Structures are given as C-alpha cells and as structure tokens.
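Notes follow once the structure below has been shown.
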Amino acid sequence: MAEQEQVKPLAPAAFRDEEEALSTQLNLRKRRYVQCCGCIAALSLILAVVVLVLFFTLFRIHDPKIKINSLTIQRLELINGSLRNDVNVTLLADVSVKNPNVATFKFSNSTTLIYYGGRVIGEAIHLQGQAKARRTLRRNVTVELDPEKIEAVPSFRSDLNSGAFSISSYSTISGRVKILKIVRKRVVVRLNCTTTYRISGRQFIGETCRPELDF
C-alpha cells in the first residue's frame, strides 16, 4: 500500500508535462503558420508591384507614327497649257512607320489617297508588313495621278497660271501590337498632310501633317 501511495502523485506531473509539450508545439506551429502567411503576403505584394511597373512601362502600348519624309512628282508634262492625258502623273512618297514599342507592329494592306481641290486624283495600296520593335520601317509608295481628274478641278486653270498646286494626302495604316501573348491592342494610324507643289521648281514646299490614332 505504501508503494502505491508513493506512485500516485507522479501521474499529474507527467500529465502537466505532456500538456506543456503539446502547447509548445501548437505555439510553434502557429508561429510558423503566421510567418508563412507573412512571406506569402509579402511575395504577393512584390509580384503585384512588379506586374504594375511592367504594365505601365514595358507592357504599355505606345503610338506608332507615320511620317512622309519626301514627295516627288514625275511625268508632269504640259502641252499648250494642258496636261498630257495619255501619260499618268506619278507621285513618289518616301514614307516611314516608327514603332516605339517593345514588340513588333504588324499591319495589313493600307491606303494613301491624294486630293486636289477636294477631289481624289490618285490612290495607292501599301502591302502588308511589319515594323520591328523600336525600329523605323521606310517604304517608297508610288501613286498614279489621273490627268483628267486633275484638269476637272475648277481651280486648275487659276492654279496653273499661279504656278502652284495645293495637294493633300490621307494615309491609313491598320495593325496590331502583341506583347508576350498577354497584351494585345489593335491600332489604326491616320495621317493628313497638306503641301504646295511649285511647277517652276518641281518641288513641294510648306508641308503640314496632322496625325490621328484610333484604338
């Protein structure tokens, strides 16, 4: 009986030790769980910031730009104050497409219309192509002008006597920019230009252009 009375008091102490060990393990697990959640939250925040920075800088779609570098007219022949109707007048345009984006700007067939006196006197089709990332694509565009349409403009005679013609052009390029198959945007670039052609010097002067952009 004495031995049994000496053993009994040890049971509660062992039980308390087990409780303390279990509590310590639970606290350790909670601490690790909180730390893990904190690390995940921090990584998520950093990733969100990186994505936002990339979206507003690297992944941002900038406006492609069209520029007419030079214009030249060939085969403008006058006979007794009239244009030769059997020979089409040729307008040569040096056009450049500047792509400031980090991805290629791919465009489909585009058009350039030439106006004189508010009437279309010539039209050209640009074949599809692409301007590489942060590069400028240059192309020569040839437009055949109809002499009969030129002479049909009411102001033709007075312009001929003054030695200068006011001509305008309207170019349209439709394409798209795609970055890493994530960001895609369709872009339509338009360019309106007005210039004056002097017959005596056979040159264009005073060119003004107004770009337009649609998304």
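Quick reminder: no glycine exception, Cβ is built from N, Cα and C everywhere.
The domain 'Late embryogenesis abundant protein LEA-2 subgroup' feature in TrEMBL is assigned to 95-194.
Residues annotated as transmembrane segment in TrEMBL: 33-59.
On the 0 to 100 pLDDT scale, the model's mean across the domain 'Late embryogenesis abundant protein LEA-2 subgroup' (95-194) is 90. Under DSSP, residues within the domain 'Late embryogenesis abundant protein LEA-2 subgroup' (95-194) fall into helix, strand and coil as 12 helix, 65 strand, 23 coil.
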